[in-house]
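Copied from Swiss-Prot, the annotated features are:
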- 1-265: region 'Amidoligase domain' (REGION)
- 13, 186, 187, 188, 189, 190, 191, 222: UTP binding site (BINDING)
- 13, 146, 147, 148, 186, 187, 188, 189, 190, 191, 222: CTP binding site (BINDING)
- 14, 15, 16, 17, 18, 19, 71: ATP binding site (BINDING)
- 71, 139: Mg(2+) binding site (BINDING)
- 290-541: domain 'Glutamine amidotransferase type-1' (DOMAIN)
- 351, 379, 380, 381, 382, 402, 469: L-glutamine binding site (BINDING)
- 514: active site (ACT_SITE)
- 516: active site (ACT_SITE)
C-alpha cells in the first residue's frame with residue numbers, strides 16, 4: 001500500500017521544494033523504504049523540451065527519453081530510484097490526454113470539465129506513478145495561490161479524502177523572512193500561506209520553514225498555534241552551505257520520524273553514513289582545480305544544473321574542490337581566448353542555435369593547441385569535430401548544417417534515421433516538429449579498447465542518455481580518422497559517432513551524450529572523474545614546469 005506525501009510551496013517561488021522533497025526521500029530510503037518522487041508542473045507546455053533555458057533552466061532527460069523538469073535531476077541524485085516518463089507531467093500533457101479521449105468519444109457526449117475529468121486524470125497519473133512503492137512524494141510546482149495550480153491541488157485534496165490521513169499527508173514549504181533592520185523573523189507570511197491552502201480545503205500536516213537564521217522555539221510555537229499544525233511538525237530549515245547537508249539537517253529535526261508516525265510506517269533505523277561521507281568529502285577537499293565552462297546560457301546557471309553537480313560529484317570522489325569559471329562563448333567570440341589562460345581544464349557543454357558557436361569552436365581549438373584537458377558534451381563534441389576539420393583536416397569551410405547549408409564540408413548534420421533503445425528505427429527530417437522529436441534517452445554505446453574513453457569507463461559497452469538531433473556526418477568520418485581523430489565510441493549499430501578523442505593530447509575527450517544526467521554525489525561518474533584527474537595532472541605538470 002503506497003503512502004503519499006504531497007509537497008506544496010508558499011510565500012515565494014524557488015524555495016527549494018525539489019531539494020526538500022529529494023532530501024526527505026533520501027532519508028526514507030535510508031530507512032529501508034522504497035521511495036519515488038513525482039513532479040506536477042502547472043504550465044501549459046506538454047513538456048519543457050522546447051522551452052528556453054533562460055526561462056526554465058535545464059531540461060533533464062530520463063533513461064526512457066522523457067524531457068522533464070530539472071527537479072527530476074535532483075531526485076535521481078538523492079535517491080536510487082530512476083525517474084521515468086510517469087514521474088513528471090504538466091497541465092498541458094493532462095489536457096492533451098483528456099482532449100484526445102473526448103475526440104474519441106470516451107466521455108459518451110458528456111460535458112468535459114476541470115472537475116471531474118481533469119482532476120480524475122491527475123489522480124490516475126499520481127496513483128500510477130506511486131504504484132509499487134512504499135512512499136510516493138508528489139511535488140506540486142508553483143506557489144499556493146497561483147491559478148494554474150488549482151486543478152492539481154484539488155486533485156490531491158481528493159486523494160487525501162479518498163485515502164485518509166494515514167495514507168496521504170500534506171507537507172508545506174514556506175519562507176520565514178528575517179528582517180535585518182528589525183533583527184527579527186516574521187511568521188505572518190507563513191500564516192497567510194497556510195490560510196490560502198486551507199481556503200481550498202487543504203490543512204497541511206507538516207510545515208518546513210525556510211529561514212536565513214535559526215528559528216526560536218517561541219516562533220515555532222506561534223506558527224503552530226496560528227496554522228493548526230502540531231508544534232513538532234513545524235520543522236525549521238535554515239540556509240545551508242551545500243544541498244548535500246539537507247538530508248542530515250531534516251533528520252536532525254526528526255522529520256522522518258514525524259512522517260513515519262503520521263503515515264503509520266514501520267521502518268528500519270536510519271543509516272545516513274553515505275551522506276556523512278559525501279558531506280565530509282565536499283567540505284574537506286585536499287586539492288583544487290580551476291575549470292572553465294564555456295557556454296551560451298551563462299545568465300541562468302540552472303541551464304547547466306546537472307553539469308555543475310557532476311563536476312562537484314567528481315570532486316567529492318577525489319576530495320578535490322572544483323572551482324568553475326563560467327564564460328559566455330560570445331565573449332570568447334568577440335574578445336578572444338585570454339580568459340582561458342591559466343585554467344586547469346576546459347569544458348564545453350551542449351546548446352542549440354548558431355549564437356556563440358564560433359566562440360565554442362575557438363575554445364576547442366585553444367584546448368587542442370595548448371594541451372589543456374578538454375571535455376566536450378553534445379554540441380561540445382560537434383564543435384570539437386568542426387574545429388578539427390577546419391584546422392587539422394584543412395577544410396576551412398567545415399560546419400554543421402544546424403548553422404549553415406553553405407558549406408562543402410557539412411561534418412555535422414541532421415540525424416534522419418537511427419535505432420532507438422527498443423531496437424526500432426526512428427525517422428526524422430527538417431520538417432519534423434521540434435517538440436519530442438530528438439534522439440532521446442538511454443542509448444547503448446560501444447567503446448574502442450585502448451582509448452581514454454575505454455580507460456575511464458573500464459567497459460566495452462555503456463548506456464548514456466542523449467538529447468540531440470544533429471550528429472557527426474558519416475561521409476567525413478574516414479577522412480577525419482585519417483587526419484588523426486579517434487572515434488572512441490559508436491552507437492549500438494555502429495552507425496553513429498558517440499565519442500571522439502585525440503590520442504596525442506594529454507586528455508581531449510568529447511561525447512555526443514549527456515553523462516551529467518547519470519552522475520550522483522554518492523557514486524560520481526567515471527568520465528567526470530577522469531576529466532578532473534586530468535585537470536589535476538595538468539595543474540601539477542604546469543607547476544613543475546614553472547619551478548624548473
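Cβ atoms are placed via backbone N, Cα and C, with glycine included.
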Considering Cα atoms only, can you say which of 15, 19, 186, 188, 189 is the nearest neighbour of residue 381 (L-glutamine binding site) among these binding-site residues? 19
Which of these binding-site residues is closest to residue 16 (ATP binding site) if you go by CA atoms: 147, 188, 190, 379, 402? 190
Among 14, 191, which are binding-site residues, the residue with the most C-beta atoms within 10 angstroms of its C-beta: 191
Inside 8 A of the center formed by the CB atoms of 14, 15, 16, 17, 18, 19, 71, which other residues of the chain have their CB, for the recorded ATP site? 9, 20, 21, 74, 139, 173
Between all pairs in 351, 379, 380, 381, 382, 402, 469 (listed as L-glutamine binders), what's the biggest Cα distance, rounded to the nearest Å? 14
Would you list, in sequence order, the residues of this chain other than 351, 379, 380, 381, 382, 402, 469 that have their CB within 8 A of the centroid of the site's CB atoms, where the site is the one recorded for L-glutamine? 350, 352, 378, 383, 400, 412, 468, 470
Among 13, 146, 147, 148, 186, 187, 188, 189, 190, 191, 222, which the record lists as binding CTP, how far apart in Å are the two most distant Cα atoms? 31
Within 10 Å of the Cβ of residue 139 (Mg(2+) binding site), how many other Cβ atoms are there? 27
DSSP, reduced to three states, assigns residue 379 (L-glutamine binding site) to helix
Across 16, 380, listed as binding-site residues, the smallest other-CB tally within 10 A is for 16
For residue 190 (UTP binding site), nearby residues of its own chain (Cβ under 8 Å, 6 or more apart in sequence): 10, 11, 174, 175, 176, 207, 209, 223, 227
Top Cα neighbour of residue 13 (UTP binding site) in the set of recorded positions 380, 402, 469, 514: 514
Which one of these binding-site residues has the most other Cβ atoms within 10 Å of its own Cβ: 186, 188, 469? 469
Just give me the nearest neighbour of residue 139 (Mg(2+) binding site) among the binding-site residues 15, 71, 147, Cα to Cα. 71
